[in-house]
Structure formats: C-alpha cells, structure tokens
Amino acid sequence: MLQAENIKKAYGKKTIVKGISFSLKKGESFGLLGPNGAGKSTTISMISGLVPHDSGNITVGGYVIGKETAKAKQKIGIVPQEIALYPTLTAHENLMFWGKMYGLTHGEAKKRAAEVLEYVGLTERAKDKIETFSGGMKRRINIGAALMHKPELLIMDEPTVGIDPQSRNHILETVKQLNETGMTVIYTSHYMEEVEFLCDRIGIIDQGEMIAIGTKTDLCSRLGGDTIIQLTVSGINEAFLVAIRSLAHVNDVTVHELELKIDISAAHHEKVVTSLLAEATAHHINLLSLQVQEPNLERLFLNLTGRTLRD
C-alpha cells in the first residue's frame with residue numbers, strides 16, 4: 001500500500017528528515033512515534049503529498065508521489081492535529097464540503113455524509129453548527145471529513161489530543177473497526193497505550209531518522225530493557241541480598257528500606273521469581289508483595305530517545 005524509500009527533507013541548511021524508509025501492507029496499522037521535533041509531521045506530510053520531498057521515492061497505492069500526486073491523494077485520508085472544519089457550518093455541511101473537495105457528486109456526498117455521521121456517532125447532531133460542539137465531537141467530525149472519499153490509507157496525526165475519555169474511546173474503537181475492514185492506518189500519538197492498542201507495527205523517529213521499527217513484542221524484547229521485579233518484604237538480611245544478587249539472570253538489585261527493585265533479563269522472569277521465592281523461604285523472609293514490570297512501549301521509547309525534554 002505504501003512504500004517510502006530513503007526520503008529526505010531540508011529547510012534551508014537544516015535537514016529535518018534524513019533518509020527514512022519503510023513500507024506498509026494493505027490493511028496494516030502502523031504507529032509512528034517520536035519526540036517533539038523528531039520529523040514525524042514532516043514525514044507524514046511528504047507521504048500525503050502536502051510537502052514535496054527533496055529526494056527518495058514515495059509510492060501510495062501504486063501511484064508515485066511527485067509524479068502522480070493527485071491520483072495518490074485520492075487514496076489518502078488525512079486527519080490533521082488541528083481541527084479542519086468551518087465552525088459556522090453544520091456537521092453535515094462540513095462533510096458535504098469535504099466530499100465535494102474530493103470530487104464526489106452532490107448525491108454521492110449526501111449519501112456518504114449520512115454514513116460517516118453514523119460511523120462517528122453524530123447523526124443526531126448533523127444539523128448543528130460545529131461551533132456548538134465539544135472538543136471531542138469536533139475531533140470525531142474531523143475524522144469523518146477524512147473518510148468522505150473512502151480512502152485506502154488513513155493518516156492520523158494525534159487525533160485524540162485534549163478530549164474527554166468517552167470521545168477518545170469512541171475514536172479508538174472507530175479506528176480499530178476501520179482497520180479491521182481493510183483500511184491501512186498510520187497513527188501518530190504521544191499516548192503510548194493508544195499505539196499499543198491499535199498498531200500492528202511501530203516505527204520510532206528521532207532527529208530525522210527511523211531508529212527502530214517492528215512489532216511491539218519484537219522491539220520490547222530487543223530494545224525495551226530489563227524486566228523489573230519489585231518486592232516488599234518483612235525484613236532484609238545480608239545473606240538474603242547476597243543470595244539474590246548471585247541468582248542467574250539477575251542484573252542489578254537496589255534496596256530502599258523494605259523494598260527491593262530487581263532488574264533481570266526480560267526472557268527469564270518466571271525462573272527468577274521461582275528462585276526468589278525459594279531464597280525468601282530459605283532465609284525466613286516473608287514476601288508482602290511482588291510485582292513484575294515487563295518491558296513496555298513507554299520504557300522502550302525513553303530508552304531509545306532519552307528522558308531530556310524536547311521543545
């Protein structure tokens with residue numbers, strides 16, 4: 001569905017995107033992550049044909065961006081981070097406008113607008129002006145506008161920013177359903193749990209480069225760091241600490257009062273937990289609580305991009 005090969009973009013002397021490559025199969029859901037200023041928005045703008053790429057090749061649905069951009073755009077629906085709606089028009093009028101912008105006839109746009117309003121759960125508000133809508137409702141119509149021409153590739157740039165939990169849940173379920181019908185999705189967000197819920201594969205961009213790409217399971221197992229076991233115990237003695245520090249697959253043990261944080265190799269936590277229980281029994285120590293924190297997407301992201309704030 002999408003092929004991006006070594007695409008680059010510079011503004012003046014500053015290179016924003018430094019040769020990114022990736023491809024998507026039809027029906028795949030792809031999460032694109034990165035810190036602020038990493039090059040995510042520029043990348044999706046080039047893919048969608050809104051910003052010309054300086055070099056490299058982009059193909060969408062068999063059409064080459066830069067040569068057959070108009071045909072490629074017919075395959076693409078874009079949900080921008082900003083609300084791209086006219087506030088003084090009704091929800092139905094906004095959808096009709098976007099339908100005609102995509103080349104639908106009046107009849108086609110009217111039929112499709114009714115379908116889209118039902119899809120985003122706003123049929124009853126069709127005749128209300130956008131300026132009367134909540135932030136979450138505007139976001140849902142924003143998505144609806146991108147669906148008017150039945151795109152094969154849906155590009156979503158942080159579509160749940162600043163909305164209520166109910167609207168957020170509705171949007172996520174809508175995206176999931178669209179993907180299950182065969183629509184290809186590129187989804188950018190700073191909410192890691194959304195990407196984990198929606199996406200088959202994940203790409204992480206930093207400083208204009210794709211620094212990691214793969215499934216969540218693959219990336220976390222390779223790059224996500226250690227599994228952490230947190231213990232709260234009734235008491236601690238030196239012999240117990242020596243014993244657990246010498247266990248196979250234990251990389252580090254830190255102690256704070258009666259709490260222990262044990263970093264272990266991710267693939268072996270079941271063996272280590274069994275050994276910990278045995279050592280606690282042998283040293284007459286009662287375990288008050290035990291929690292296992294496996295590598296997750298947020299830890300992976302911070303491991304790769306660092307914890308320094310980005311403007």
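Residue 1 is the first one shown; counting continues down the chain.
From the backbone N, Cα and C atoms, a Cβ is placed for every residue, glycine too.
Taken verbatim from Swiss-Prot:
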- GLY34, PRO35, ASN36, GLY37, ALA38, GLY39, LYS40, SER41: ATP binding site (BINDING)
- 2-232: domain 'ABC transporter' (DOMAIN)
Of the binding-site residues listed (ASN36, SER41), the greatest number of other CB atoms within 10 A surrounds the CB of SER41
Here the 10 Å Cβ neighbour count for GLY34 (ATP binding site) comes out at 25
Excluding its own, the Cβ atoms lying within 10 Å of the Cβ of PRO35 (ATP binding site) add up to 21
Cβ density check for GLY37 (ATP binding site), other Cβ within 10 Å (all protein chains) comes to 14
